[in-house]
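Input: one structure, supplied below.
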Amino acid sequence: MSDSKEPSVQQLGLLEEEQLRGLGFRQTRGYKSLAGCLGHGXLVLQLLSFTXLAGLLIQVSKFPSSISQEQSKQDAIYQNLTQLKAAVGELSEKSKLQEIYQELTRLKAAVGELPEKSQQQEIYQELTRLKAAVGELPEKSTQQEIYQELTRLKATIGELPEQSKLQEIHQELTQLKAAVGELPEKSKQQEIYQELTQLKAAVGELPEKSKQQEIYXELTRLKAAVERLCRPCPWEWTFFQGNCYFMSNSQRDWQDSVTACQEVGAQLVVIKSAEEQNFLQLQSSRSNRFAWMGLSDVNQEGTWQWVDGSPLSPSFKHYWNRGEPNNIGEEDCAEFSGNGWNDDKCNHAKFWICKMSAASCSRDEEQFLSPAPATPNPPPA
């Protein structure tokens with residue numbers, strides 16, 4: 001194989017020499033090797049240039065593809081955001097609709113519980129006022145207040161709308177009438193208060209129209225019974241051992257105090273027993289007030305006499321405070337003072353105590369239908 005290669009090399013060398021001669025070059029030593037290298041260098045440069053150009057073309061071809069991919073990603077994101085926005089909008093609307101639906105459901109339930117006619121609200125208000133009035137009975141109420149409340153209640157009951165449970169209301173009214181019949185004692189007033197509370201609850205469920213007349217009649221009888229409430233003593237008077245006593249809240253001289261008691265059918269207090277004396281003395285000392293009693297020696301100095309004309313019993317003389325009565329400066333009228341009695345000038349203004357007999361109360365139901373005696377108002381306080 002070496003023999004075959006040598007002729008080829010020789011031929012290549014001869015070809016190069018001929019080319020150089022044609023170009024006017026002189027043949028020198030080592031020239032052959034340099035020309036061979038230069039001949040191969042151009043080929044290498046061409047290969048390198050082609051490689052660089054190919055790489056550049058590849059990179060340039062990739063750049064539009066990257067831009068296209070980024071644009072596609074942005075389009076996808078935009079579409080996703082659009083869909084998400086639409087979904088959120090639908091979710092918000094659904095939430096609002098759900099909230100509105102719940103509100104309407106509650107409103108529907110509330111409306112479903114409403115009474116059929118606006119009259120029920122008026123009845124409820126009337127019963128509330130009636131309950132408040134009766135709740136204050138033990139303190140400083142009057143029969144006139146109860147009468148007015150029952151009159152208004154009677155007027156509204158006549159307009160009651162439909163719905164049943166009349167029997168329950170009828171029973172409540174029967175119990176209420178029975179409680180009113182037992183009212184002479186203050187403790188019974190609480191019973192009426194409870195009955196009225198139950199009546200209010202029953203009326204809230206309303207009877208049928210056909211039964212309204214029966215309820216109207218019951219309330220009319222009840223009103224008459226309340227109007228004739230039998231009490232041992234008028235309002236603001238205190239009961240003790242069959243008598244009623246009024247303690248004034250203002251002051252007058254002795255003679256004006258006598259007149260004030262007479263104007264209400266009573267008299268300035270006349271003491272008849274030791275128990276009564278102790279009761280009155282306690283009332284006076286608790287209030288820390290000096291109060292006139294119906295005792296004086298105006299007609300004859302030293303002779304003490306009650307306003308009913310009876311003389312002072314010798315057994316009562318020990319109720320005078322020590323050194324009393326002393327008649328200093330024309331002191332002719334007796335008063336409750338501290339733990340005993342004192343004489344003072346009759347023109348001095350003091351509190352006073354009236355006394356009258358207590359009413360006789362019968363629990364017979366027929367008595368409620370009979371005219372009741374007029375109840376005296378307390379004297380101006």
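Placement of Cβ uses the backbone N, Cα and C atoms for every residue, glycine included.
Feature list, courtesy of Swiss-Prot:
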type	residues	note
DISULFID	CYS233-CYS244	disulfide bond
DISULFID	CYS261-CYS354	disulfide bond
DISULFID	CYS333-CYS346	disulfide bond
DOMAIN	240-355	domain 'C-type lectin'
REPEAT	142-164	repeat '3'
REPEAT	165-187	repeat '4'
REPEAT	211-234	repeat '6'
MOTIF	31-34	motif 'Endocytosis signal'
TOPO_DOM	1-37	topological domain 'Cytoplasmic'
TOPO_DOM	59-381	topological domain 'Extracellular'
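Describe the structural context of each listed feature in the structure shown, including burial, neighbouring residues and relevant distances.
The Cβ of CYS244 (disulfide bond) lies under 8 Å from the Cβ of PRO232, CYS233, PRO234, TRP237, THR238, ALA266, LYS355, MET356, SER357, ALA358, each of these being in the same chain and 6 or more residues away along the sequence.
Secondary structure at CYS354 (disulfide bond), taken from DSSP and collapsed to helix, strand or coil, is strand.
When other Cβ atoms within 10 Å of the Cβ of CYS346 (disulfide bond) are tallied across all protein chains shown, the result is 21. DSSP assigns CYS346 (disulfide bond) to coil in the three-state reduction, placing it in neither a helix nor a strand.
Note on the topological domain 'Cytoplasmic' (1-37): mean pLDDT across this stretch is 48.
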Could you state the whole-number distance in Å separating the C-alpha atoms of CYS261 (disulfide bond) and CYS333 (disulfide bond)?
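So the Cα of CYS333 (disulfide bond) lies 16 Å away from that of CYS261 (disulfide bond).
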I'd like the per-state residue tally for the repeat '6' (211-234) from DSSP, helix first, then strand, then coil.
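Split by secondary structure, the repeat '6' (211-234) comes out as 17 helix, 0 strand, 7 coil.
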